[in-house]
Amino acid sequence: MKKKKLCSTVLASLLVLSSAPQLADASSDNGKERVIVVFKDSAKKNPLSIQGMEVRQQYANIPAAALEVPKSALNGLKNNPNIAHVEVDQTVQIENQTRDWGIPKLKAPSAWQSGFTGKGVKISVVDTGISAHPDLTISGGASFSSVTSSYADDNGHGTHVAGIIAARNNSIGTVGIAHEASIYAVKALEANGSGSLSSIIAGIDWSISNQMDIINLSLGTTSHSSTLQQVVDRANNAGILVVAAAGNNGRADGSGDLVNYPARYSSAIAVAATDINDNRASFSATGSTVEVAAPGVNINSTLYNGGYGPLSGTSMATPYVAGNLALMKQAYPSLSASQLRTRLSQDVIDLGPTGRDTWFGNGLVQAPGSGGTSQPVQALSTTVTTSKATYNAGEQVSISSTVRNANGQAVANADVRVTVTQPNGSTLTGTGKTASNGSITFTLSTTSSSQKGTYQVKSDATLSGYTAGSATTSFQLR
């Protein structure tokens, strides 16, 4: 039997486009075959018992297992009434602080100024791993490598992808589009840039079990895998946004329906690549399933040796979209994953022929708050406190109110109205604007004749472009 070799989606910036994927020998030297077996029932445990069988992966979210079995057992597996199908385990390869040119193209700084940085959003990078880097914070991860239990990057591709998503907004190197998102390193490819299909499936399976919000897949194949489709579908059904590279096998004239898998599946978002002039990258795969486009030529990002450097490919365009979705998830917290996907295709710059086309899909993605069809509205987070819980008549009551945005950042110039309700129900009010630290303080003077008892305090904050925020507290006057 022959093993299908998957082509990854990255090009070194000065290298020519690699050739189309070729078939590779799937046989091992010990007379065994690596296969993926999908069972007919929903049981997650492998019910098989075959002499000489090795279970390489057992998946949690689909009824399947990756096995190494004697070649003599293959016919028996295919004819087993408990097995839905058997497929060869394929070989997968990577698709090969200054702000990179892609950041302003997507108008990400406008989103940052609005407080959208990807904070709280979990993104798994299923790739060659992610290396420790002064510009990256890795929140966790897993390794499905056959040679190492570490998720550290020994190739460089995964670290570069991670930097496009979430390189820190500090004084060094570059900055990611969603620089406060939480990135997880899921190592499924080896040091030479290749790995098994079963490892990719395991990485997606792990992402589902660990409740990722977004999965970045900068990899692909020209060959369909029903098991890969099943696990991508499962991720999509779980409310996870799956973002995948369209592929680097595009023709110079832009002809053909060439989008790779898993980007070709309807449950994934297929991403094409553009250059600095908003042209289609010559290598970018084309086809009816291209959904959106993003920068993918000479993209500067983090390298696994601690430095920075450029790479090109739809592998680089894909993390821009994954990161942009993290901004959108923060900007539109009430939207479901499917609704966010719809908005992603709406808030674009239309390139090429009017409307959706096979080169750019719906168009070049744009960050939330950057002038799309409608702007996200944040809620103001308001607090109100008094300097102490109990006052004596004649003392001054200090009332402080602080206003922050959804990202926890101070909001200046917000209009604040404080209402104090006295024990007899009558009210006193004060108004003002917050300072640069988001705070404002009011003083209430009391006298010996002031009403004794409980005073209720409410602070209401408003600002154009935000939904109002309010908070309450109380104090005692004796």
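Cβ coordinates come from backbone N, Cα and C, glycine included.
TrEMBL entries are annotated by machine, without manual review.
On a predicted model such as this, the values are computed, not experimentally measured, just so you know.
Under the heading active site, charge relay system, TrEMBL lists Asp127, His157, Ser315. Annotation source TrEMBL lists domain 'Big-1' at 377-476. Per TrEMBL, signal peptide is recorded for 1-24.
Locations of recorded TrEMBL features on the structure.
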| residue | record | DSSP class |
| --- | --- | --- |
| Asp127 | active site, charge relay system | strand |
| His157 | active site, charge relay system | helix |
| Ser315 | active site, charge relay system | helix |
Neighbour count (Cβ, 10 Å) for Asp127 (active site, charge relay system): 34
Pull the DSSP breakdown for the domain 'Big-1' (377-476) and write it out as helix, strand, coil residue counts. 0 helix, 61 strand, 39 coil
Let me check the 10 A CB neighbour count of Ser315 (active site, charge relay system). How many other CB atoms are there? 33
Length of the line joining the Cα atoms of Ser315 (active site, charge relay system) and His157 (active site, charge relay system), in Å: 9
Using C-alpha atoms only, work out the spacing between Asp127 (active site, charge relay system) and His157 (active site, charge relay system) and round it to an integer in Å. 7
